[in-house]
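Here's the structure, in structure tokens; my notes come after.
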Amino acid sequence: MTTFEDILEEAGKFGRCQMRIVSIFCLVSVPFSFVYVGIVFQGFTPEHWCRDPGVIEIRERCGWSLQDAHRATVSLMNSSTGVTYSQCQKLDMDWNATGLTCDNPESELTQAQLSTLPMTGCTDGWEYDYEGRQSFVTEFDLVCADAWYVDMFQAALSVGFLVGSITIGYLADKYGRMKSFLMTNFFIGVTGILVATSPNYIALLVFRVLFGFGVKGGWMVGYVLITELVGVEYRRMVGVTYQLFFSLGILILPLLAYFIPNWRWLQVVFTIPYFCFLTYYWFIPESPRWLLSQNKRNEAMEITKAIAKENKKTLSKIIETLTDENTDSISTASFMDLFKTSKLRKFTFILSFNWFTSAVVYQGLIMRLGILGGNVYVDFLISGIVELPAAFLILLTIERIGRRLPFAAANIVAGAACLITAFIPDSMFWLKSAVACVGRLGITMAFEMVVFVNTELYPTIIRNLGVSVCSTLCDIGGIVAPFLLYRLAVIWLELPLIIFGALAFVAGGLVLLLPETKGVPLPETIDDIECPNSYKCMQFLLVI
């Protein structure tokens, strides 16, 4: 029998055809990064305070700036981040009766005087120090008692990820990688526009869930497809490159957000690429590995011949015996197959926990930039640059050292950096920022590695489903992360970092229990998991 790995030896393990397909599919990662962390800009919560009609009247009459009126009419209060201006209460007074003049507003009423006056709630809405820009927070007034609605915006996306990744993963294993990919991208395009045109916050959440339903599933299908088209020694390179484009998207995002100040138009820009991906119908073939797993041998042969032709290779007669070892026993993927053997159960648990940890820590560190103050565009860009070395460090280590040790080390370094950052005083700003960047680098490496390690550990028949199911814990982590960050930061700004550090340490320890996959061919059957070397296993059984 001739396997697909044997055919790739002749057709080309990473020839011109695979280079073209991988290059085209890498573009899918760019808008995925926009969607994944776009909340930093779409849901940015600027400095805000209660709107007071009396203050607005004085400001317009005197020609004060928004900041002048803010300093003169808003009292200070204690918070978890120190002494700040009150955001959720206003002074209960008639400003026209204070005798406040236009000449020097800051000297008219001292903070000591303001602090003794009675307070009331923000009955007239809020003012935002966000001139010329609009996030959905400023549009729907999602601050103070309604601040948790911002958490729901990101959680809604992760709910969509959770349901969509399982559903689309199943469809990709049953009906094909490309059919599922194209169908998903059309759905993403439609729902993405609906998000941008949401008339109210409830509609926004509903469309956000539907939008997330397609985005991650489509991205995972692309990852699995390019992995299945190349030889074993090129898997890590295409996998890391695919995710490197995610990091490039992180660098592009703050530039887009800076030049597109309205969150609705920013959503439209996030969505347009998914309509463009529909053109892949004419450029990308179905996975021959998947076709073989579904007993579609003739179609697999035709696509394999086309790959060889584009790579300027010639196939010998052995292609006539091209088959899949598993076609006689299993033709469809089943959820229970992920728990069928002891090793598969162990893989599923450890990989699921690492997906969860990577999502919580990665999203938490990025969204934390939005609550630290400073220039969010510059801070986001700098932190994004830190991600780029992650891909190169992976490429330098995984073929020399292996997968397991760099994977575990990345988690442990990220955990240590989070814990250290939490206890560095704010006065040591640059040291605090540098250590936080090390944590961001470590968790980026861990996030990138969990994807292709997950792909390498499952056999072809359940590979897409296995990656999709394990990554659902990533989506649960995405649901938890915003609540964990924003609500705990109210208690103590650094408290989320301690949680992040503990999770990353545990994840790193569990990784050491996984087998090494360096240089190991992709398993084709479930039996390959329990018995990696079929010939030796057969000899062992014969002896018994």
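The backbone N, Cα and C atoms fix where each Cβ goes, and this holds for glycine too.
As recorded in TrEMBL, the features of this protein are as follows:
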- 110-519: domain 'Major facilitator superfamily (MFS) profile' (DOMAIN)
- 21-44: transmembrane segment (TRANSMEM)
- 152-172: transmembrane segment (TRANSMEM)
- 181-199: transmembrane segment (TRANSMEM)
- 205-226: transmembrane segment (TRANSMEM)
- 238-259: transmembrane segment (TRANSMEM)
- 265-284: transmembrane segment (TRANSMEM)
- 347-371: transmembrane segment (TRANSMEM)
- 377-398: transmembrane segment (TRANSMEM)
- 405-424: transmembrane segment (TRANSMEM)
- 430-453: transmembrane segment (TRANSMEM)
- 465-485: transmembrane segment (TRANSMEM)
- 491-514: transmembrane segment (TRANSMEM)
* Structure fact -> Most Cβ pairs under 8 Å to the transmembrane segment (465-485), of 152-172, 181-199, 205-226, 430-453, 491-514, goes to 152-172
* So what's near the transmembrane segment (205-226) in sequence-distant terms, Cβ-Cβ under 8 Å and 6+ beyond its ends? -> 18, 21-22, 25, 28-29, 32, 35, 152-153, 156-161, 163-165, 167-169, 172, 177-178, 180-181, 184-185, 187-188, 191-192, 194-195, 198, 238-239, 242, 274, 277, 284, 287, 451, 455, 463-464, 467-468, 471, 475
* Structure fact -> Per the Cβ filter (under 8 Å) with a sequence gap of at least 6 from its ends, the transmembrane segment (491-514) is approached by 80-81, 346-347, 350-351, 353-354, 356-358, 360-361, 364-365, 368, 371, 404, 407-412, 414-419, 421-423, 439, 442-443, 446, 453, 457, 484-485
* Candidates 347-371, 377-398, 430-453; stretch with most C-beta pairs under 8 Å toward the transmembrane segment (238-259) -> 377-398
* What residues in the same chain, six or more past the boundaries of the transmembrane segment (430-453), come closer than 8 Å to it by Cβ-Cβ distance? -> 223, 227, 235-236, 239-240, 243, 247, 351, 354-355, 357-359, 361-362, 365-366, 382-383, 386-387, 389-391, 393-394, 398, 403, 406-407, 410-418, 420-421, 424, 467, 471, 500, 504, 507-508, 514, 517
* Apart from its near flanks, which chain residues at least 6 from the ends of the transmembrane segment (377-398) lie with a Cβ under 8 angstroms of it? -> 40, 236-237, 240-241, 243-244, 247, 250-251, 253-255, 257-258, 365-366, 369, 405-406, 436-437, 440-441, 444-445, 448-449, 518
